[in-house]
Amino acid sequence: MEKAGGSPAVGGSYPQKNAEILSSQYGINLFLAGLLLTFAWAVHAVGISKSHLLSYLITLMLIQLLWMLWYLCRSCMQRRLIRDKDTHAGARWLKCGITLFAVITLILDSFKIGYYIDFSNCLSPTEGIFPVTHAMHTILQVYFLWCHAKDIIQSFKTLERFGVIHSVFTNLLLWTNGVLTESKHQLNEHKERLITLGFGNITIVLDDHAPQCNCTTTTLCSIFSQGIYYLYPFNIEYHILASTMLYVLWKNIGRKVEHHQQHKTPFKFHGITVGMIFGLIVLTSTIAIVVVYLIQIGRSKIKSELALTMFYLHAIFVLALMCTAGIVALLIYRLEDRSLDNSKNPARKLDAELLVGTAAGSWLLSWGSILAIICAQAHPKYTWYNLPYSVLVIIEKYIQNLFIIESIHREQEKVNDDIKTLRIVTISRGSTLSLTPSYKEIYNGGAAGDRGEVPCLFKGSICGRENGGGGDPKEETSQDKSSVMHSASDFSFYGRNSVTNNKRRILKNIAAFLFLCNLSLWIPPAFGCRPEYDNGLEEIVFGFEPWIIVVNLAMPFSIFYRMHSAASLFEVNCKT
């Protein structure tokens, strides 16, 4: 038991801090063991097969399933208890996003089950058990996050720390497995394109993990094998979103929160028409560019160069627009005098760290391309477009990170009582009538009404005559003058409020535009449009294998950055 007074800070913090350290070390070791198994399978290590890796992942998922069932049962038995909630964690739009990705992940699992049935003669049973277990894990985990993502756990804290951190690193390992499987498929396609383009100076060996037997139904096998790799990007995003939500839940265990009113910030389409139109234009054009790129790349040298040129020109135009929009938003922030919210918030802190951390993946690729362009001896024409593209990628992420991080740290604007309602003032026969009462007047009037009094809504005219009968004409004249001066100040308040609304409208349009642009820039790398593979210049300068390793390490972070930025910008749009 924690002691009263100042003792809890001394007696209660050490065991909890130790539990946090122990659980985090447990999770890291769990992850490292799985990472080594994944790496061993990828490089065809002796004695390590895919069944070993899948058995490890199945075991981790089953342990998480048991913990989630225990937590749900315990919560059901204690449902009458009032629990603390983190109002910033587990936003509804985030839950809807992870649900969408989970549904597509279930489709992926069904494809894997079908693929296993067709190749069951030569596949390990674990390849059939894994998608079934993963589907159960996905369904229960989404339900768990919908119901308990906001929880601040105050009981069984040590046990819950281990359960939650186990879930975090289980999802990270599933994310790693998905990234590696999808990357190996992309790498094989890239090698086939290099063979088509006649790169004789690069040793190319296809990494083939295909089953060593014939499919029972050729058409279905083709559908399953091709469809699986188009669904992997959604599976990858699902697991990384789940791990971030669970990490926030882990950080909230034992946390003391201040109980204050949290303003709901629903998403509204009103006022963001311009940003949505321009964003949809970018999204539509990006999808068209990706389709043309995937059709043309690898067909011939000329078609490949045209596809790369088309991609770079489109990306340069979009990134330049995004930089401009971000700079305008930052200038608006500089003109405003609003304080930042520096209160402790694990969800907000994690958002900022993920933005900067995952942006490093794109920055690494961009600096590699810039260095290759500088050092290369021969420069095909299309490679020169890579230089402004790489520079803009660095600048755009720098500006966008500043905008998002400042936006999520800015305190929501508190509207002054004097400008909550527009007071329409009319001057008639030397008297001033305020037809629309202010917020304070309504509040005070309501209080007066409770006492049986008539609220003074018409200052300087009706109330003055009722209270003072006829009244002194000089006093009435002075009251009229003060009323007119007060009305003028009301209009000045309205003018300032109008400017503030215009700034807010511009910021909402910028956030909506950047949201759609980030979704647009997520599509190309997620679905195989990766000029970092197909450019060829970096591979000549750095060597094929070293550059491919760099791309495979950095690309998942670059893909996640775009989706996480889109999610953060959606929140900014709701908050602005």
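For all residues, glycine too, the Cβ spot is worked out from N, Cα and C.
Any TrEMBL annotation is an automated prediction that lacks curation.
Long-range contacts of the transmembrane segment (26-47) within the same chain, counting only residues at least 6 positions beyond its ends with a Cβ under 8 Å from a Cβ of the stretch, are 53, 56-57, 60, 162, 165-166, 168-170, 172-173, 176-177, 180, 184. The transmembrane segment annotation in TrEMBL covers 26-47 (among others).
Sequence annotations record features per position, and here TrEMBL assigns transmembrane segment to 53-72 (among others). Sequence-distant contacts of the transmembrane segment (53-72) (same chain, six or more residues past either end, CB-CB distance under 8 Å): 30, 33-34, 37-38, 41, 124, 126-127, 129-130, 133-134, 136-137, 140-141, 144, 147-148, 160, 163, 166-167, 170, 173-174, 177.
The transmembrane segment annotation in TrEMBL covers 93-117 (among others).
Tertiary proximity for the transmembrane segment (129-146) is limited to same-chain residues at least six positions away from its ends with a CB under 8 Å from its CB atoms, namely 54, 57-58, 61-62, 64-65, 68-69, 71-72, 90, 95, 98-99, 102, 105-106, 108-110, 112-113, 116, 167, 174, 238, 242, 245-246. If you look up TrEMBL, you'll see 129-146 (among others) marked as transmembrane segment.
Positions annotated as transmembrane segment by TrEMBL: 229-250 (among others). Long-range Cβ contacts of the transmembrane segment (229-250) within its own chain (Cβ-Cβ under 8 Å, at least 6 residues beyond either end) map to 23, 86, 89-90, 94, 97-98, 100-102, 104-105, 107-108, 111, 138, 141, 145, 148-149, 151, 153, 161, 164-165, 167-169, 171-172, 174-175, 178-179, 181-182, 185, 346-347, 350, 354, 526-527, 556, 559-560, 563, 567.
Long-range contacts of the transmembrane segment (271-295) within its own chain (CB-CB distance under 8 A, at least 6 residues past either end) are made by residues 307, 310-311, 314, 318, 321, 505, 508-517, 519-521, 523-524, 527-529, 573. Look at TrEMBL and you will find 271-295 (among others) tagged as transmembrane segment.
Below 8 angstroms of C-beta separation, residues 278, 282, 285-286, 289, 293, 382, 385-386, 388-389, 392-393, 395-396, 399-400, 402-403, 406, 410, 503, 506-507, 510-511, 513-514, 517, 520-521, 524, 529, 531 of the same chain, each at least six residues beyond the ends of the transmembrane segment (311-333), sit close to that stretch. Here TrEMBL flags 311-333 (among others) as transmembrane segment.
Annotated transmembrane segment per TrEMBL: 354-379 (among others), in sequence order.
Among the features that TrEMBL reports, transmembrane segment is placed at 506-528 (among others). Sequence-distant contacts of the transmembrane segment (506-528) (same chain, at least 6 residues past either end, Cβ-Cβ under 8 Å): 186, 189, 230, 233, 271-276, 278-280, 282-283, 286-287, 289-290, 293-294, 311, 315, 318, 321-322, 325-326, 328-329, 332, 400, 403, 407, 555, 558-559, 562-563, 565-566, 569-570, 572-573, 576.
If you look up TrEMBL, you'll see 540-561 (among others) marked as transmembrane segment.
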